[in-house]
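This report refers to the structure that appears directly beneath it.
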Amino acid sequence: MVQLVVAFVVLQAVLGTNRQIVTGNPVAGSFLSVPTTVKRYENDTVLLPCYHNCEYDLTLAPYRYVRWSRDDLLLVDSRYPDMRTPPRMRLWSNGSLEVTDVQTEDTGDYMCEIMTDGGKASQRHAIEVQYQATAAVYPEDPIDIRVGQILEVICQVTGVPQPYIKWTLQNENASIPLENERKLSVLIEDRSYSGPVQCTATNGVGEPAVASVEVFVHFEPEIEVKSPTVHTRIGETGILECLVTAHPVASIHWFHHGLPVVFDRRIVKLDALVTKHQYYTVQRHQLAIRNLRDSDLGQYECKAGNRVGIASAQLELTGRPMVASFKPAAEMSSPTTHNFIWQTESYSPLIEYKLKFRRVPSGNVTPSRRNFPLLAWNELIIPSDGSYGPLHSIGYTLQGLQPTSVYEVIVLSRNRYGWSDPSNILRFATGGEVEIEPGSEDTSASVMSSSSMQPTETLEYSESEPGSIGDGGLITDNMIPNDFFDYGTGTEGAAYGLAPLFTPSLLLLLTLAINKLFVAIKHL
């Protein structure tokens, strides 16, 4: 029997934490059991010991009675055998209390009291029933919130041990400032914060508990314009289009030169739903103008608004030529010449082209190196070949170039409605070896063969470069003096020469012939 008691004492010491022993006097308060906090899962069985020395020391009087209470509520008393014991509890003859099928409500402090001839002694124990975490978020209903506001959500959790709380937002870039906090506060920066806000409670008992609430972010419309410049011609149908993403759904208004567009049978508005997402709506809005007139051309504005804000996008309906693009030239270039072919679209006859070129310091041939001064652009005005298109192609040979050099060139075209936007920059190298200039950025090598770099490459044209359109406004229409540029075969005394594939005289004859042909057709 003594060995069994010792085993129980060791078991209780392992399972729980010691609590203070409350005794009536030193002799009466001699316990073999130790105060214990017993942690069990639901439906387990717990035995709370109450072993007194009087049971094993014959010099001490046996106890007269034993009683158990929980949180100051009497449970059992050996003096009253007819007293009804609470369900699932039983008092052992040695004074221990057994609780079977423990439930969460059994959690609490238990006190064992023993009365002996020497006085009353007491000892405290505790039961902690561990159970799975639960979670609930407040507010429960979906949350409507605007960009720029603070989202606040509270997560109410229960469970033993105390659950750990983790917040999860649909937006992966959203920073979660509060971990293991019941209240979440986060700034709504953009519409990507729409979606479920989730609270996860974990305490190691069973599966984690998850609760969430839907967040609907209200944001001002976002407008996407795939073609900000729409090229067309008189008599055709021009269509301007903008895609609008918004929540709530936005209303659309069109403006021409700052004035509201007046709709009629010729000018109509076409609206279509593209996507009806759970958190936003995407709509396509088109302005269709039939039988275009000169007065219809110009700047348009697509303006979208909802209760959050207003956004707008600029579009242009124009008859100007489209941006030209350079094409590979079939003829070989020489160290002092370079052949060009470019192509553009224009619904109206082209009047002329403007070719702009400049030499680039050979030590700065890398496109990404822009921290160096560039020479000003040289300009050439080139007559059109008189074709009616809409697809126009022309080729020219630029002469008088310096060997072993790198050049950049762009081209623009003009019709009755004005100049096109500049093409991308075409960068090319003339034949020979390109020497690295003293003091240049690239000091890794002294000589680089032009064959080691691409013969031509295109770069995006920037209007902030020296000598570009951005310096002082539009490119002038002034013709470069003939004593500097040769439009014919290109004399050797000129600094640069331009030898077109079609000579000016041939171009004049072709133009006159085409004009006569159209006049004849008109009178038929």
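For all residues, glycine too, the Cβ spot is worked out from N, Cα and C.
In TrEMBL this protein carries:
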COMPBIAS  441-452  compositional bias 'Low complexity'
DOMAIN    26-128  domain 'Ig-like'
DOMAIN    133-216  domain 'Ig-like'
DOMAIN    221-318  domain 'Ig-like'
REGION    437-467  region 'Disordered'
SIGNAL    1-16  signal peptide
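Under DSSP, residues within the domain 'Ig-like' (133-216) fall into helix, strand and coil as 3 helix, 48 strand, 33 coil. Within the model, the domain 'Ig-like' (26-128) carries an average pLDDT of 82. Remark: secondary structure over the domain 'Ig-like' (26-128) totals 6 helix, 46 strand, 51 coil, with classes taken from DSSP.
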